[in-house]
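As written in TrEMBL, here are the features:
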type	residues	note
DOMAIN	124-169	domain 'Ubiquitin-like'
DOMAIN	362-411	domain 'UBA'
COMPBIAS	415-427	compositional bias 'Basic and acidic residues'
REGION	415-436	region 'Disordered'
REGION	495-530	region 'Disordered'
COMPBIAS	508-521	compositional bias 'Low complexity'
Amino acid sequence: MSSKCNLAESALQARIRDKLNAENVKLWLEPFFDSANGIGNDVEILALASRYAAEFGHLEDEVAECLYSLQRNALERLAERDLFKETGLSTIRLKLSGFPSSAPSPGNDATRLQINLSSMNGKDLKVEIARTIDMSENQLKLISHGKVIDENKILELQDIRNGAQVMVLFLPVTQESYKDSEDSLRQLEETKDSANYLAGYSYGDNMYSLQVADQSGKALDLPESEKRSLAVALALHDKGRSALKSQDFSRALIFLLEADGIYNQCQSALLERVDNYGILNLDIAWCYLSLKCIAELPSVEARLHKSEKSLHRSYGENLERVVALKGSTGWEAALFVRLHLLQGIAAYHLGHIERSKFLLAKVDEEVKRLQVSDDQLAELINMGYGSDESRVALRAAYGNVAAAVDLIIRRREEEAKNRQQEKDDSKRRKLQKKLGECSNGDPVNIQLWRSIKEMGFNAMIAAAALKRTNNEINAALQLVNDIDFMTEVVSKASRKHLPSTTQDAQESSSTSDAVPSTSGSQSGGAPDIPNELDILTALAHLENSLLAESPSDEHLTPEDAARSQKAYDVLSKDISAEADYIDLTLSAENSYINQYKELLQM
């Protein structure tokens, strides 16, 4: 049977199922099935097929075939329920996806397994499936209820029940892409660990620290736990996007579902502040479609609803928030094309034919509006702009080349502004860390510190005075003029900066712990400071130490620095620009539009 026939049959079966439910017709009971003799009543089935065929505008044979199929499915599920009651064995239905054409084709018996859910874990199930379909277990990944099955957890504890469908994804492994078959699956844990590790650093503490930003590129101020979860989810999402770009849909779905699980650990209020969660749900739905998992599409209708709410909240009903924020609609318009297309296809397979026609007509018009002239694109590329940014700008400017150039320039300026803001914020955090905290635990007020310094006072003395007075500016100004206070600060700071061997030697020869004065010898390990000139000279030296630029990861041990580099390498190779993983030519979308318009006879 051709792909087109399968799709049409799927939609017809959905319409018939809805009709049966609406009329409370049970095909496994009288008059449609004689349970005593175990045979169906063809007369009643064909009469029902005749009535539905006239209503739906289909051939009677097609409708009858669907009715018989639905009857068989119902009887099979009843038998599975009885088996579970009698033996405790649950029936698991397998949906194979992403398998190469060269893979062995399992028979019908291989698409169902009877297992004990309370004693088998995910690993046991994968081994059993691999044996049943004669494939390597290292190339399989299992999904149920939109979640990747945990290999170390009992199946019953993963909300897998009798009659559940398990999606079996084939993960291709080649020598060119992976050293061995385990590497492809190990990427998940490496990505989680790397993102979680780097998210633990404040920006500026580690040159590889991860930051979470909003749509405008500004960093979000989040609690530590939320920051870590969101950073890990975003990293997994980027891995999924990378796989989408290379059309490795099986691997993409694994990473995206893992990201989904971590997103769901975040507070709902946080998910409403970023568009990523809506885009993730859209990407998951696109994976199901690309893997030709037509049976799964109706189940992702809820994901598409979440995606639509998120995108409207982030971008506006008509992308007005995007225009206000970025001055263009760029790739966001392509996201809405994909959303409406998936909604139309899901509606088709749910049997909602009129809604499907409406959505497909809508998305067809959207795609036409987003088409970019090859000549205009070539003109911008010849000016030195990239193809993707040129296509996005031309689309946002509705083909106006001058306006597109203006949009590109504005976007680049905004990106440069955000990068500079990140640098400024990094410097501020470093300075705050150097200035330290007041005696009450509050951070030294940077603005007050700068004000005192601009009056001509020493930077280190200003910081020490604010620490001592808990940021009380008047009291701090009195201290910065106090020679005894200045001497005390120099003594402590000098002792801190002495090499340990020199400090130990001086401390061992000290005979007094008294606070140093403007004359006489110093004790406690500090060098002698006989007069105010020496104090000022020492302060100048220590001030240079306070204000000196230092590498952002200067406090890291060699082991931490090496781990940071490795974590960065794991993540960075799949981090992409926001539009990078979507085919901005919309060729795949166009192909699906034409395919389903033909099915709908539009």
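In case you wondered, yes, glycine gets a Cβ from its N, Cα and C as well.
Note on the domain 'Ubiquitin-like' (124-169): DSSP counts are 17 helix, 13 strand, 16 coil. Mapped onto DSSP classes, the region 'Disordered' (415-436) shows 21 helix, 0 strand, 1 coil.
Across the domain 'UBA' (362-411), DSSP classifies residues as 39 helix, 0 strand, 11 coil.
Mean pLDDT of the predicted structure over the domain 'Ubiquitin-like' (124-169): 89.
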